[in-house]
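Worksheet for the structure shown next.
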Amino acid sequence: VSHLPAKLINGGIAGIVGVTCVFPIDLAKTRLQNQRPGQQVYKSMIDCLIKTVRSEGYFGMYRGAAVNLTLVTPEKAIKLAANDFFRCHLSKDGRGLTVFREMLAGCAAGMCQVIITTPMEMLKIQLQDAGRLAAQQRKPGIIPPNRLATTNAVLSRSYNVVPSTSPRVISATQIARELLHSQGIQGLYKGLGATLLRDVPFSIVYFPLFANLNKLGKPSPDAAAPFYWSFISGCVAGSTAAVVVNPCDVVKTRLQSLSKGANEESYNGIIDCFSKIMKREGPSAFLKGAGCRALVIAPLFGIVQVMYFLGVGEFIMSQSSLKLISD
(Lines of atoms letter the chains of each structure in order from A and count residues from 1; the text may use other names and numbers.)
(Lines give C-alpha, C1' and ligand atoms only; values in the text may rest on other atoms or scores of the structure.)
Protein backbone atom coordinates (compact mmCIF):
# COMPACT_ATOMS: atom_id res chain seq x y z
CA VAL A 1 0.00 0.00 0.00
CA SER A 2 3.13 2.20 0.14
CA HIS A 3 2.67 3.11 -3.56
CA LEU A 4 -0.95 4.09 -3.02
CA PRO A 5 -0.65 7.88 -3.65
CA ALA A 6 1.04 7.24 -7.02
CA LYS A 7 -1.64 4.66 -7.89
CA LEU A 8 -4.36 7.17 -7.04
CA ILE A 9 -2.76 9.75 -9.35
CA ASN A 10 -2.53 7.13 -12.12
CA GLY A 11 -6.16 6.14 -11.61
CA GLY A 12 -7.33 9.77 -11.56
CA ILE A 13 -5.46 10.76 -14.74
CA ALA A 14 -6.59 7.55 -16.47
CA GLY A 15 -10.18 8.29 -15.49
CA ILE A 16 -10.08 11.86 -16.83
CA VAL A 17 -8.37 10.86 -20.11
CA GLY A 18 -10.64 7.83 -20.51
CA VAL A 19 -13.89 9.71 -19.83
CA THR A 20 -12.92 12.45 -22.31
CA CYS A 21 -12.20 9.84 -25.01
CA VAL A 22 -15.27 7.63 -24.63
CA PHE A 23 -18.00 9.87 -23.18
CA PRO A 24 -20.01 10.24 -26.45
CA ILE A 25 -20.31 6.43 -26.63
CA ASP A 26 -21.49 6.39 -23.01
CA LEU A 27 -24.13 9.00 -23.87
CA ALA A 28 -25.34 6.80 -26.75
CA LYS A 29 -25.50 3.83 -24.34
CA THR A 30 -27.76 5.71 -21.90
CA ARG A 31 -30.12 6.91 -24.64
CA LEU A 32 -30.35 3.47 -26.29
CA GLN A 33 -31.03 1.78 -22.92
CA ASN A 34 -33.85 4.21 -22.14
CA GLN A 35 -35.69 3.68 -25.45
CA ARG A 36 -38.94 1.70 -25.36
CA PRO A 37 -40.40 -0.38 -28.22
CA GLY A 38 -42.44 1.72 -30.66
CA GLN A 39 -40.83 4.93 -29.41
CA GLN A 40 -37.36 4.53 -30.88
CA VAL A 41 -35.63 7.73 -31.79
CA TYR A 42 -32.25 6.09 -32.48
CA LYS A 43 -31.55 2.94 -34.51
CA SER A 44 -27.97 2.33 -33.36
CA MET A 45 -25.00 3.92 -31.62
CA ILE A 46 -23.80 5.67 -34.82
CA ASP A 47 -27.33 6.87 -35.60
CA CYS A 48 -27.64 8.23 -32.05
CA LEU A 49 -24.34 10.14 -32.27
CA ILE A 50 -25.16 11.61 -35.71
CA LYS A 51 -28.62 12.77 -34.56
CA THR A 52 -27.16 14.18 -31.33
CA VAL A 53 -24.58 16.27 -33.21
CA ARG A 54 -27.28 17.48 -35.67
CA SER A 55 -29.77 18.56 -33.01
CA GLU A 56 -27.51 19.52 -30.07
CA GLY A 57 -24.17 20.33 -31.67
CA TYR A 58 -20.81 18.69 -31.06
CA PHE A 59 -20.83 19.49 -27.33
CA GLY A 60 -24.25 17.83 -27.05
CA MET A 61 -22.32 14.54 -27.06
CA TYR A 62 -20.63 15.66 -23.84
CA ARG A 63 -23.79 16.42 -21.86
CA GLY A 64 -23.14 15.27 -18.30
CA ALA A 65 -19.37 14.92 -18.86
CA ALA A 66 -18.55 17.59 -16.26
CA VAL A 67 -20.12 15.45 -13.50
CA ASN A 68 -18.06 12.46 -14.58
CA LEU A 69 -14.82 14.41 -14.92
CA THR A 70 -15.31 15.93 -11.46
CA LEU A 71 -16.14 12.68 -9.71
CA VAL A 72 -14.20 10.08 -11.72
CA THR A 73 -10.94 10.78 -9.82
CA PRO A 74 -12.37 10.13 -6.33
CA GLU A 75 -14.29 7.14 -7.75
CA LYS A 76 -11.17 5.58 -9.26
CA ALA A 77 -9.19 6.51 -6.13
CA ILE A 78 -11.65 4.70 -3.84
CA LYS A 79 -11.85 1.65 -6.14
CA LEU A 80 -8.08 1.27 -6.53
CA ALA A 81 -7.29 2.05 -2.90
CA ALA A 82 -9.94 -0.39 -1.66
CA ASN A 83 -8.80 -3.15 -4.04
CA ASP A 84 -5.16 -2.64 -2.96
CA PHE A 85 -6.13 -2.59 0.71
CA PHE A 86 -8.17 -5.81 0.54
CA ARG A 87 -5.62 -7.61 -1.67
CA CYS A 88 -2.91 -6.71 0.85
CA HIS A 89 -4.96 -8.07 3.77
CA LEU A 90 -6.08 -11.19 1.93
CA SER A 91 -2.61 -12.26 0.71
CA LYS A 92 -0.87 -14.70 3.01
CA ASP A 93 2.87 -14.29 3.67
CA GLY A 94 3.31 -12.21 0.53
CA ARG A 95 2.26 -15.09 -1.71
CA GLY A 96 -0.11 -14.61 -4.64
CA LEU A 97 -3.86 -14.51 -4.13
CA THR A 98 -6.14 -17.38 -5.11
CA VAL A 99 -8.84 -16.54 -7.67
CA PHE A 100 -11.47 -16.65 -4.91
CA ARG A 101 -9.54 -14.13 -2.79
CA GLU A 102 -9.01 -11.90 -5.83
CA MET A 103 -12.78 -12.00 -6.41
CA LEU A 104 -13.35 -11.17 -2.74
CA ALA A 105 -11.02 -8.13 -2.96
CA GLY A 106 -12.77 -7.00 -6.16
CA CYS A 107 -16.18 -7.43 -4.52
CA ALA A 108 -15.16 -5.28 -1.55
CA ALA A 109 -13.68 -2.60 -3.86
CA GLY A 110 -16.93 -2.51 -5.88
CA MET A 111 -18.96 -2.05 -2.69
CA CYS A 112 -16.79 0.88 -1.60
CA GLN A 113 -16.88 2.78 -4.91
CA VAL A 114 -20.70 3.10 -5.05
CA ILE A 115 -20.42 5.91 -2.46
CA ILE A 116 -19.28 8.11 -5.37
CA THR A 117 -20.61 6.15 -8.36
CA THR A 118 -24.33 6.27 -7.49
CA PRO A 119 -24.78 10.08 -7.28
CA MET A 120 -22.36 10.55 -10.20
CA GLU A 121 -24.37 8.21 -12.46
CA MET A 122 -27.68 9.59 -11.19
CA LEU A 123 -26.82 13.16 -12.27
CA LYS A 124 -25.07 12.10 -15.46
CA ILE A 125 -28.07 10.07 -16.68
CA GLN A 126 -30.50 13.02 -16.29
CA LEU A 127 -28.22 15.20 -18.42
CA GLN A 128 -27.50 12.49 -21.01
CA ASP A 129 -31.14 11.52 -21.48
CA ALA A 130 -32.53 15.05 -21.86
CA GLY A 131 -31.75 15.11 -25.58
CA ARG A 132 -33.57 11.81 -26.16
CA LEU A 133 -36.75 13.16 -24.53
CA ALA A 134 -36.55 16.35 -26.60
CA ALA A 135 -36.00 14.34 -29.81
CA GLN A 136 -38.92 12.08 -28.90
CA GLN A 137 -41.20 15.13 -28.75
CA ARG A 138 -39.99 16.38 -32.13
CA LYS A 139 -40.55 13.01 -33.84
CA PRO A 140 -43.99 13.08 -35.46
CA GLY A 141 -46.49 10.39 -34.55
CA ILE A 142 -44.82 9.22 -31.36
CA ILE A 143 -45.85 11.47 -28.51
CA PRO A 144 -47.71 14.74 -28.43
CA PRO A 145 -45.51 17.08 -26.36
CA ASN A 146 -48.36 17.99 -24.00
CA ARG A 147 -48.60 14.31 -22.98
CA LEU A 148 -45.06 14.11 -21.76
CA ALA A 149 -45.17 13.04 -18.16
CA THR A 150 -42.40 13.83 -15.72
CA THR A 151 -41.83 13.22 -12.06
CA ASN A 152 -40.09 16.45 -11.26
CA ALA A 153 -41.11 20.07 -11.91
CA VAL A 154 -37.58 21.48 -12.19
CA LEU A 155 -36.49 18.70 -14.55
CA SER A 156 -39.57 19.12 -16.73
CA ARG A 157 -38.94 22.86 -17.05
CA SER A 158 -35.31 22.29 -17.90
CA TYR A 159 -35.88 19.43 -20.31
CA ASN A 160 -38.01 21.34 -22.80
CA VAL A 161 -41.24 19.61 -21.89
CA VAL A 162 -43.18 22.75 -22.80
CA PRO A 163 -43.73 22.46 -26.58
CA SER A 164 -43.12 26.07 -27.59
CA THR A 165 -39.76 26.66 -25.94
CA SER A 166 -36.32 25.77 -27.21
CA PRO A 167 -34.27 23.31 -25.08
CA ARG A 168 -32.80 24.91 -21.99
CA VAL A 169 -29.56 23.65 -20.59
CA ILE A 170 -29.66 22.41 -17.02
CA SER A 171 -26.64 21.83 -14.85
CA ALA A 172 -25.85 18.93 -12.56
CA THR A 173 -25.73 21.40 -9.66
CA GLN A 174 -29.35 22.43 -10.30
CA ILE A 175 -30.51 18.81 -10.42
CA ALA A 176 -28.53 17.94 -7.26
CA ARG A 177 -29.93 20.97 -5.42
CA GLU A 178 -33.51 20.12 -6.44
CA LEU A 179 -33.13 16.47 -5.44
CA LEU A 180 -31.59 17.35 -2.07
CA HIS A 181 -34.35 19.88 -1.45
CA SER A 182 -37.24 17.57 -2.39
CA GLN A 183 -35.97 14.11 -1.36
CA GLY A 184 -32.94 14.66 0.84
CA ILE A 185 -29.68 12.75 0.42
CA GLN A 186 -31.53 9.56 -0.64
CA GLY A 187 -32.64 11.41 -3.79
CA LEU A 188 -29.04 11.34 -5.01
CA TYR A 189 -28.74 7.66 -4.05
CA LYS A 190 -31.74 6.49 -6.07
CA GLY A 191 -30.69 3.27 -7.81
CA LEU A 192 -28.07 2.42 -5.16
CA GLY A 193 -29.14 -1.24 -5.11
CA ALA A 194 -28.92 -1.51 -8.91
CA THR A 195 -25.52 0.23 -8.88
CA LEU A 196 -24.26 -2.31 -6.32
CA LEU A 197 -25.76 -5.08 -8.43
CA ARG A 198 -23.74 -3.81 -11.41
CA ASP A 199 -20.45 -2.68 -9.84
CA VAL A 200 -19.86 -5.52 -7.39
CA PRO A 201 -20.13 -8.31 -10.03
CA PHE A 202 -18.13 -6.11 -12.43
CA SER A 203 -15.23 -5.88 -9.98
CA ILE A 204 -15.55 -9.60 -9.13
CA VAL A 205 -15.13 -10.43 -12.85
CA TYR A 206 -12.66 -7.68 -13.85
CA PHE A 207 -9.91 -7.79 -11.22
CA PRO A 208 -9.25 -11.58 -11.22
CA LEU A 209 -9.63 -11.80 -15.02
CA PHE A 210 -7.16 -8.95 -15.57
CA ALA A 211 -4.66 -10.35 -13.03
CA ASN A 212 -4.72 -13.79 -14.67
CA LEU A 213 -4.61 -12.51 -18.27
CA ASN A 214 -1.74 -10.20 -17.36
CA LYS A 215 0.11 -13.07 -15.70
CA LEU A 216 0.11 -14.96 -19.03
CA GLY A 217 2.20 -12.19 -20.60
CA LYS A 218 4.91 -12.11 -17.94
CA PRO A 219 8.27 -13.50 -19.14
CA SER A 220 8.95 -14.71 -15.57
CA PRO A 221 6.86 -14.65 -12.35
CA ASP A 222 8.82 -11.67 -10.95
CA ALA A 223 8.99 -9.62 -14.18
CA ALA A 224 6.33 -7.16 -15.33
CA ALA A 225 4.21 -7.95 -18.37
CA PRO A 226 5.02 -5.90 -21.50
CA PHE A 227 3.11 -2.68 -21.98
CA TYR A 228 0.98 -3.87 -24.93
CA TRP A 229 0.02 -7.06 -23.05
CA SER A 230 -1.24 -5.09 -20.04
CA PHE A 231 -3.20 -2.82 -22.36
CA ILE A 232 -4.85 -5.78 -24.14
CA SER A 233 -5.54 -7.54 -20.81
CA GLY A 234 -7.21 -4.38 -19.45
CA CYS A 235 -9.36 -4.04 -22.59
CA VAL A 236 -10.41 -7.72 -22.69
CA ALA A 237 -11.14 -7.97 -18.95
CA GLY A 238 -12.99 -4.64 -18.92
CA SER A 239 -15.20 -5.34 -21.94
CA THR A 240 -15.96 -8.91 -20.77
CA ALA A 241 -17.02 -7.69 -17.33
CA ALA A 242 -19.05 -4.85 -18.92
CA VAL A 243 -21.11 -7.22 -21.11
CA VAL A 244 -21.65 -9.69 -18.22
CA VAL A 245 -23.23 -7.01 -16.01
CA ASN A 246 -25.10 -5.14 -18.81
CA PRO A 247 -28.59 -6.33 -17.67
CA CYS A 248 -27.94 -4.68 -14.29
CA ASP A 249 -26.74 -1.53 -16.08
CA VAL A 250 -30.01 -1.34 -18.08
CA VAL A 251 -32.04 -1.66 -14.85
CA LYS A 252 -29.86 0.96 -13.13
CA THR A 253 -30.29 3.43 -16.05
CA ARG A 254 -34.09 2.98 -16.06
CA LEU A 255 -34.38 3.36 -12.27
CA GLN A 256 -32.21 6.48 -12.21
CA SER A 257 -34.05 8.30 -15.05
CA LEU A 258 -36.30 10.86 -13.38
CA SER A 259 -37.82 12.29 -16.56
CA LYS A 260 -40.04 9.92 -18.52
CA GLY A 261 -41.75 10.27 -21.87
CA ALA A 262 -45.47 9.56 -22.15
CA ASN A 263 -46.26 5.83 -21.98
CA GLU A 264 -42.88 5.18 -20.33
CA GLU A 265 -43.59 3.22 -17.19
CA SER A 266 -42.17 3.90 -13.75
CA TYR A 267 -40.60 1.18 -11.64
CA ASN A 268 -40.80 0.35 -7.95
CA GLY A 269 -37.36 -1.08 -7.34
CA ILE A 270 -35.04 -3.61 -8.99
CA ILE A 271 -37.33 -6.68 -9.12
CA ASP A 272 -40.28 -4.68 -10.48
CA CYS A 273 -37.99 -3.14 -13.12
CA PHE A 274 -36.56 -6.54 -14.18
CA SER A 275 -40.02 -8.12 -14.48
CA LYS A 276 -41.59 -5.19 -16.39
CA ILE A 277 -38.73 -5.02 -18.90
CA MET A 278 -38.85 -8.81 -19.39
CA LYS A 279 -42.64 -8.79 -19.84
CA ARG A 280 -42.91 -5.77 -22.15
CA GLU A 281 -39.64 -5.79 -24.07
CA GLY A 282 -38.32 -9.34 -23.82
CA PRO A 283 -34.85 -10.60 -22.80
CA SER A 284 -33.08 -8.74 -25.64
CA ALA A 285 -33.82 -5.44 -23.84
CA PHE A 286 -31.22 -6.40 -21.21
CA LEU A 287 -28.52 -6.30 -23.89
CA LYS A 288 -29.39 -2.74 -25.01
CA GLY A 289 -26.25 -0.65 -25.11
CA ALA A 290 -24.00 -3.69 -24.42
CA GLY A 291 -21.81 -2.93 -27.46
CA CYS A 292 -21.53 0.73 -26.41
CA ARG A 293 -20.68 -0.25 -22.86
CA ALA A 294 -17.95 -2.66 -24.01
CA LEU A 295 -16.56 0.12 -26.24
CA VAL A 296 -16.59 2.54 -23.29
CA ILE A 297 -15.06 0.23 -20.71
CA ALA A 298 -12.35 -1.42 -22.86
CA PRO A 299 -10.30 1.72 -23.62
CA LEU A 300 -11.02 3.10 -20.14
CA PHE A 301 -9.30 0.17 -18.46
CA GLY A 302 -6.68 -0.09 -21.20
CA ILE A 303 -5.78 3.57 -20.50
CA VAL A 304 -5.55 2.79 -16.76
CA GLN A 305 -2.95 0.12 -17.56
CA VAL A 306 -1.05 2.56 -19.81
CA MET A 307 -0.84 5.03 -16.91
CA TYR A 308 0.45 2.32 -14.59
CA PHE A 309 3.00 1.17 -17.15
CA LEU A 310 4.27 4.70 -17.79
CA GLY A 311 4.37 5.36 -14.03
CA VAL A 312 2.93 8.87 -14.38
CA GLY A 313 1.90 8.92 -10.71
CA GLU A 314 5.32 7.73 -9.55
CA PHE A 315 7.00 10.42 -11.68
CA ILE A 316 4.76 13.17 -10.24
CA MET A 317 5.34 11.92 -6.68
CA SER A 318 9.11 11.80 -7.11
CA GLN A 319 9.14 15.37 -8.46
CA SER A 320 7.18 16.81 -5.55
CA SER A 321 7.41 17.10 -1.77
CA LEU A 322 4.37 14.81 -1.56
CA LYS A 323 6.65 11.81 -1.99
CA LEU A 324 6.98 11.76 1.83
CA ILE A 325 3.43 10.41 1.96
CA SER A 326 4.43 7.22 0.23
CA ASP A 327 7.44 6.52 2.47
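Even glycines carry a Cβ here, placed using N, Cα and C.
Per TrEMBL, the feature repeat 'Solcar' maps to 2-89 (among others). When DSSP labels each residue, the repeat 'Solcar' (2-89) comes out as 73 helix, 0 strand, 15 coil, counted as helix, strand and coil in that order.
Taken from TrEMBL, the feature repeat 'Solcar' covers 97-216 (among others).
Note on the repeat 'Solcar' (225-314): its mean pLDDT in the predicted model is 87. The annotation repeat 'Solcar' is assigned in TrEMBL to 225-314 (among others).
According to TrEMBL, the transmembrane segment annotation covers 294-317. Sequence-remote contacts of a segment are chain residues at least 6 beyond its ends whose Cβ falls under 8 Å from one of its Cβ atoms, and for the transmembrane segment (294-317) they are 3, 5-11, 13-15, 17-19, 21-22, 25-26, 29, 45, 76, 206, 210, 224, 227, 230-239, 241-243, 323, 325-326.
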Tally of DSSP helical, extended and coil residues in the repeat 'Solcar' (225-314): 70 helix, 1 strand, 19 coil
